[in-house]
């Protein structure tokens, strides 16, 4: 889309609310100037990974200038050169993953954790491993005690020969389709492995240690000891995670939306703030906005405050976005929002905004990335969460029993960054509301047509 067409789209959108459109849709995007500068900078070395930064994955059909300082999985592994790996994920294509490792490192120890339901199963991976003759791969299963939950985390830990531990919190499954033509991102941090465990850990490190301990798997416990011995630099970031269960008492504040609420609690309130959620699927949020979206999740984004701005909007692809994407209709397989769910929450339409990513050259690369952020009344980006968590109760948790219990169904992993110089939004701001003719993509609306064309579907 040309710059002129983009401006016309913004103008036609007429703002995000009837009374405040001018304030919410400035002529110049808040983040676009910074992103344009970054897109022009030439970084040819894949060794440019820096502690505490967000990186985007390469998009094959995008112009080269938009893939500068972006990484394929092969680039990432070539930069880290892992001598041992631990991957948590929803879907894993072992054959493809092994081929992304440098040839001389494909026989190094690789540990995999998947869910016991949905996604790639342990038996599938073990069958592939046997066929490939890969004796260096071990697979473990994460328990899912509550119905409709998934092991949706996308997290990798690596040890390298130079005695460093590398941590990657990603939005991508470990399958080829997720690393080709989609908008994906990952957070990277690293530290030196010490000879003994430290008694002092960063906030991010403490939260990640707590998350790993909840798996109760011996092979994961070995990595916990490595992480305890890693010297990470404190940068104020938080590891925001979800684990299934009915969490009570003090444990609630460590998990899902209540952990995010606590982390944002000390921020100065901004009555004119704009909150933006962006995801690749939407859960059942209730037939009224105050059943969860406003009564729980918006309060979380406000740091636990019961009053404040109610400007909460959702960036999610339209049917046209999918149709015109690099992958065409098949891109919709990674956007598993159901039409039946959408019909039960018609109020959500007033919050929906289109997917545009002209500044990153990714308007046609459908988002599998998930982000949540606050833009202040001064039009500055205040904080951002990059995560595997879609907008759903299963992922973020539902507060129950008058606040005495938090019900979470899925495993998720993400990072809260409050240093705006390191925040990297995947879409263009200002955002544009849906027009009357726009409809959100729902996976079952055109799935039969896509299936008839032999499309392969990846359900998130």
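Placed from the backbone N, Cα and C atoms, the Cβ positions cover glycine too.
Look at TrEMBL and you will find 152 tagged as active site, nucleophile. Annotation source TrEMBL lists substrate binding site at 154, 370. Sequence annotations record features per position, and here TrEMBL assigns active site, proton donor/acceptor to 368. According to TrEMBL, the site 'Interaction with DNA' annotation covers 392.
What TrEMBL annotates, mapped onto the structure for a quick look.
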{"residue": "152", "record": "active site, nucleophile", "CB count, 10 Å": "28"}
{"residue": "154", "record": "substrate binding site", "CB count, 10 Å": "27"}
{"residue": "368", "record": "active site, proton donor/acceptor", "CB count, 10 Å": "28"}
{"residue": "370", "record": "substrate binding site", "CB count, 10 Å": "25"}
{"residue": "392", "record": "site 'Interaction with DNA'", "CB count, 10 Å": "23"}
Cα-Cα distance linking residue 392 (site 'Interaction with DNA') and residue 370 (substrate binding site), given in Å to the nearest integer: 12
Distance from residue 154 (substrate binding site) back to residue 392 (site 'Interaction with DNA'), taken between C-alpha atoms, in Å: 17
